[in-house]
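According to TrEMBL, the protein carries these features:
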- Lys115: ATP binding site (BINDING)
- 1-11: compositional bias 'Acidic residues' (COMPBIAS)
- 86-383: domain 'Protein kinase' (DOMAIN)
- 1-27: region 'Disordered' (REGION)
- 35-54: region 'Disordered' (REGION)
- 805-838: repeat 'TPR' (REPEAT)
Amino acid sequence: MAGADSDDEGEALPSLEDTLGGVDMVGETLDPRSLEAPSLLSGMGTPGRTAPPPVRVGALDAEHLRNSVAAKLFGAAADPVRIGRYTVLERLGAGGMGVVYSAYDTELDRKIAIKLLRGVDSGGADHSRLKREAQALAKLSHPNVVQVYDVGSFREQVFVAMEFIEGKTLRDWEPREGPSSEALVQILATFDEAGRGLAAAHAAGLVHRDFKPDNVLVGNDGRVRVLDFGLARGANDEPEPTSPSASDSTLVAGLVAGLESSDSLNQPLTQTGAILGTPAYMAPEQHMGRRADARSDQFAFCVALWEKLYGQRPFTARSVRQLAMVVIEGKVREPSSPKYTVPPYLRRALERGMSVDPDERWPSMEVLLAALSRDPRKRRRWIVSSVAAASMVLGAVAWLMLRPEGPGPCDGGERELVGVWDAQVRTKVESAFMATKTPYAGDAWTGTARLLDSYADDWVSMHREVCEASVVRKEEDSELFGRKMVCLGQRKTELEQLVGLLVDADEGVVSRAVVAAGSLNQVATCADADALVSEPADDERLEELERLIASASGSKALGKYDEGLEYAAKAVELAEAIGTPHGEGRALLVLGDLQSKRRMSAEAKKNLREALRRADIAGDDATRVSALTRLMHVAVVEHDVEAGELLADDARAALERLGDAPLLEADFYGHYGSLTLARDNPEGAIEYHRRALKISREQLGANHPEVAITHNNLANALTANGHHGEAEEHARKALAIFEAQLGADHPYAASSHNSIANSVLTQGRLLSWTDPEQAKRYFEQARDEYMKAVAIREANFGANSARLVNNLHNLGEAYRFLGDYERAIEVWERCLGLERANYKEKHRPVKLMTMTGLGRAYLASGKLERALELLEAATAIRLTRKDEGDAAGETFFAYAQALWERAGQDQDPALQAEQRRRAVEFARKAEAAYATAGTDYAGELRAVRRWLEKHAASVKPE
C-alpha cells in the first residue's frame, strides 16, 4: 500500500453533500420543547444586542426563542436572527449532521431552507472542500434534485442554503389508488423520478451515500426531489477500500458496537464523527467500511423501492450488527404479505441492484431505471390480439398522463434507449476503445458512434411513427401496431447486445466495430407489414430468446465466433422449447452462419437447411432468403457450383414473394456474384456485384463501410476479368471510405492498400513484355502500396503476426519484379518463417507461392542449391494436389529453369541429360498450366514456349 490518503486518527468531518442529510423539510411549526431548555434564558441580553458570541448548532434555537420571549416580556420588537443575509423564520427539523431552518432571502425575495452543520469549523480545510462541493451541487440543475443556492460561514460554523419545498417525504407518500395495478404504476413513476435525480448527480460526479425514503421529497406540485447528497467522509477523503479478510468482520463489529436495538437500524451510523449511512439502506461495502460509490446508491434505491412495493425491507435483523451480516451475505428475506402484486421482472431487476458484489449490479442508474420500465409482459401481449394490444396502448397512455410533465403518448422512444445507447453508455464504449491503444481506436470510435447514433435516431423516429399511426391517427389496427412494436423491440435488443459487447472491447472488437455497427438489421424493416411475423403469445422466454439471438449475431459481426456459437446453440435450444418456428429459424440461421465462419461446413449445411424448413413453416421469407444466401456461400467454399445455382433459384423466388427487401437483395447479389465467379464467369460476376453496389449505395449511403466491402468485391471480379484499371479505381474508393470511417491505420485500410497494389502490379506485369520502363513505375507504385499495408498490420498486430503473411508475400513479388532480389529474399524468408510459426497446415497456397518466389529469387541471385531445395519441394506438393493455373505454371517453370542450370554444372553426361530431360518435362507442364490461366498470362505462356523452342530440341526423348 503506497500510503493513506487521510489521517485515520483525525476526526472525520462532513463533506458538503452530507450537509443536506437527515432532515424532513416539510414546514413543521416550531416546538419549544425540542430546544435545549438549560440554555434558553441564560446570558440573555437586551433586544438591541449587536455582537452575539460564537454559537454552536442548538444555541441558535435558544437565541431565536430568547429574542421572541424578550419581545413578549418587554414589548420591544424581536431582533431577527440572521445567518448571513438570510433571516431565520423557524426550525424545521434536525438530522445527524445539523439543523434545518426555514429562512427568508432578503436579496432575492424568496423563502429558502438553510442547514447549519454540526462540527464543521469554518476555518478548517473541510470548509474549503465543502465550498468546492457546494459549487458542484449548485451547478447541478435537475428537476429531481433539490437546488443548492449558497454555502457560507456563520459564527465559525458552515451553512448551506437550498430550495424550500412544501410536501412530504417518500416514506409518508402513498399512491392515490391504494393497493392496485394503477398504484403500482404510480410508485414506479415516482421512484423513476427519484432515480433520475440520483443519475443526474452521478453524472456530475456526486454520490449520495444515504439514499432512503426520508431523503426524497414529493412536493405538493407533484415533483419528486432527492435531497441530502453525500454523507460525511474522513477528514481528507473516504476510507481506503479494504480487501476481504478477517479484518472486515472486526471493522463491522467496531462500527456497530453498542447498536444492538432495532431502533438503531433507521438512525445514521457514525464513526469518529462521520456518518457512514443509514444501516437499513447501506450496501455491503458500506457496512464493511469500504468506499461508497454510485453503485452503493443504486443498492439503497433498490432497498427503498422493494420496501415500498412489498411493505417490508429485503434485509431484516434485530440489530445493526446482525443486519450487517445479513446484508453482506446477501440473505434477502422472502416477502410474507406483499402490498402489491409485483411482476417477476421487477423483482429480478431489484435483486440485481442489491447484489453483494457491486460489479454484479446494474452498470448505472439509467440502466436500472430502463430495466424497471421495461415490462416484457407488455411488449409480448401487444401481439396477442387486437383487444389486448388496444388495452396496452391505453395503459401506456394512462401511465404517461400520470407523469407531471404530461408528455404525448408517443414520446417514449428516447426513454426506451436510456441505458441502451445514451451519453453514459457512449462514454463507456469510447473509454473501452481508447484503452486498447490501437492506432485507429479514435477513428474506429468516431465511425462506430456515428453509425449507432444514426441507428438510435432512426429507432426513436420509427417508434414515434408506429405509435402515432395507431394511437393518434388511428390508421393501423392494434394487431399490426403490436407486431411492429415487437419488431422494434427486436431491433433494440440487437443494439443493446452489440453495445454490451463493445463495452468490453479488445483490439479485435475495435477492428470490426464500425462494420458491425453498420450491419445491424435496419429499423425501417419494421414498417413492412407483410414481412412481420407473429410470435406465440405471452411466453416470458421470448425476451431471453431475442437476447441470445442478438448476442450471437453481435459476436459474429465482431469476429468472436466461439462466443457466438455458444449463444446460438442456447438460442436454438430455447426456441425449440418455446415451440416458435420463426424463432427456431432465426436461431438456426445464425448458428449455421457461425459454423460456416468456422469452416464447419457439414454442420453449417445441416442447420441452415433446418432453418429453411422452419422459415417455411413460419412463412418467414426473410429468414429463408438469408439461409439460402449463406448456403450459397458454403457451396462456393466447397466448389459445388451446381448446388449453388439451385439454391440461387430458390432465393430468387423467395425474394420475389418478399417484395421490397433491398438489403436482402444486395446480400443475395453479392453472394451470387461470388458463385458466378467460381463458375468461371467473371463478366456475370461483375454484373451481379455492380447490382449489389448500386443497392447498397442507395440504401446505406456512399460512405457506409458495407459499401466499401462491396467495392472491394467488385474490384476482385474486375481483376479476374482483366479490367485492372477499373479494379484499381474501386479498390481506391474502398480505401477512401475505410480511411474516412475507420481511420488510415485500420487493418481494413491495409486490405485496400493490398488490393490497389495487386491491380497496379498486374498492370505492370502485363506491360513488362512491351514497355519495361512504364512497367517499372507500376512495380514501384505497387511496392509502396504493399509497404503501407505491411506497416499498418505491423502497427496493429505486431511484427510476428500471421496477418502479415499475404502482404509480405506480395511485397516480395514487387521487389522481384523490380529486380531487387536481395530485398525479395529478405522479405520472403521472413514470410516463410511466419508461415511455419503460425500455421499447422503444410501446403497453404500462399506458402507454395512464397516457396516458388523465393526459389526464383535465389536462382536469379546465383544460389542454385537453395533454389532447387525450395522449388523441388513446392513442385512435389503441386503434383500431389494436381494444381493447375498460373500459380502451378510459375512453380513448374521455375523448377525447369533450375534443373537446366543444374544440368550445366554436372560433369556426368548421363546425369546431365537426365536433368535436362526433366527440365523440359516440367517446362511442358508449365505450358499446360499457363494455357488454362487466361489471357492475363499470355506473356508468361509465350516465355515458356520460347524457352522450349530454345532448349527442347537438344534433349533426346526418354
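For all residues, glycine too, the Cβ spot is worked out from N, Cα and C.
Note that TrEMBL annotation is computational and uncurated.
For the repeat 'TPR' (805-838), the model gives a mean pLDDT of 93. DSSP assigns Lys115 (ATP binding site) to a strand. The Cβ of the residue listed as 'ATP binding site' has 30 other Cβ atoms within 10 Å, all protein chains considered. Helix, strand and coil content of the repeat 'TPR' (805-838), in residues and according to DSSP, is 31 helix, 0 strand, 3 coil.
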